[in-house]
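Just below is one structure, and these are the notes that go with it.
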């Protein structure tokens, strides 16, 4: 895979999330594979779907690790006094920019799967969107709290640093 | 005011609100469901009578239920006028206490509805600053004199600015003319009523097939003499009836449309029986849109809507707010200018890069090929699909360059100093005007195919639910994405000065 071309002068963000998140993401894919295996052998055994499902299950560890690695490599974020920038994506690369003034709410989530690995995520909410448009996963709890505090200050219009 | 005064809505507001809350569609839905579930043993006039009885029963039950709810709500609702603020206590399951400082009330309106007028009641509505964290207040209903008195007291205490003084200096800026009204009703498909009519007809046909003497078959017998009534023709007639009903309803609700504008606010009034009188302050406007279908365009007309930001309580998601249901194009754009302050003469749309057109052609061609392959495979297994002639796909393939060109040529955009303008749509053409400072966030995405030709797709999210998920700006040059990102991050600083130069970064990191 080629690196996405850097097209905006403002953006060559270096912040990455914690590398342990790769394990979490890979496990997620593994779970999908397990689910496919269960469905294939128990529910849909002897149906034409059984073989494809088992194939998915067999491929999931390798594919999962691959996807997790790519996703980790792609994910970048940056926080400036002006706002937040996040780049993410597997195939299609998405870059989202949230101006500081439109941050409405900042949450620190502890997703079930990441918790055993000591990782939490920070989620940003802007007005009029469902579920928060931007999430930064895979942060260590302390870093996440710091980030959330910083974003909160930004949202209230106090610039820092 | 030295001591706090407390008051409750007028007791008569309970039946009024209950009446207003009886939703005709709910009643109709329930009736249809009951008819479907019920045994169709009765026939003829009996069926009609029992149907009517069911309908009335449903309406009465719903009405009674509403009455109880409204009564309990009324019981728990209390309004207290304190020295500097209004305090509202409300809520049954989750009691709430909301304080609204008078200083925050930007404007207040006393209005009556069709239902409340005979009872001599009026609603008092206060609009607070456009901040989504604060909310509007709507007291339904007070004795008209009380409402006006309260409004005066709020204004005198609040020192509300001139815009909300009772005769607000608003000028009529748009009046819908009869010709436009008629067109507004006719030049639309009215899918809702058409669907309802067709579903009702199918339901009646399917669940009640044998009775000879019922009203429907009588009607069919009468019509059979006039028309060759094949089921298709009947279905067509039913759909037509649904469409006509849609036209009538649309015209009824939009008749006498008038829009007035004052310093920082709009007010629209319309409707014959279902009347609407609504107010919006300009700082809640997030986006403006001009829309037209081919019929409108042929006549030089267009519609103008704005999207408003959601307030927390009464309308948490914002509204699509029509400024002009149908107006001459220049009038429609004049309203956009007034609403979001864009200078129309500065809007010069530019087309997407040529690469985008090529992309669309390739995309459509691939789509046709995929369809053809799918058909070939399907013909192996499903004999009935063999009626689809394969040369059809060759024809479609030959048309893809045209389709790609049409898609491409109908899209356009303009990046102005403080606005982004996006146009799209072949059939219904929509032009969005988004002030940069109402953009909540912006996403630039690039698929591997786009990467090869250096294109990106941009999506602008605004805080107005009807316009979710954002305004798409597909397939622009990659530099546009970067420019928009920079602009969004820079322009959002406190001063909205004409800082538009696209400059470099000030450091991505801390």
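Cβ from N, Cα, C; glycine included.
The transmembrane segment annotation in TrEMBL covers B:48-69, B:181-207, B:227-251, B:361-382, B:388-408. Annotation comment: TrEMBL describes B:74-154, B:266-324, B:408-481 as domain 'YdbS-like PH'. The feature region 'Disordered' is assigned by TrEMBL to B:486-510.
Sequence-remote contacts of a segment are chain residues at least 6 beyond its ends whose Cβ falls under 8 Å from one of its Cβ atoms, and for the transmembrane segment (B:388-408) they are 351-352, 356-365, 368-369, 371-372, 375-376, 379, 426. Sequence-distant contacts of the transmembrane segment (B:227-251), counting only residues of its own chain at least 6 positions beyond either end whose CB sits under 8 Å from a CB of the stretch, comprise 181-182, 184-186, 188-190, 192-198, 201, 220. Per DSSP, the domain 'YdbS-like PH' (B:408-481) is made up of 17 helix, 40 strand, 17 coil. The list of residues near the transmembrane segment (B:181-207) in space but at least 6 beyond its ends in sequence, with Cβ under 8 angstroms from a Cβ of it, reads 28, 32, 35-36, 40, 216, 234-235, 238-239, 241-243, 245-251, 254-255, 257, 293, 295-296, 299, 301, 325-326. For the domain 'YdbS-like PH' (B:266-324), the number of residues in each DSSP class (helix H, G, I; strand E, B; coil) is 8 helix, 32 strand, 19 coil.
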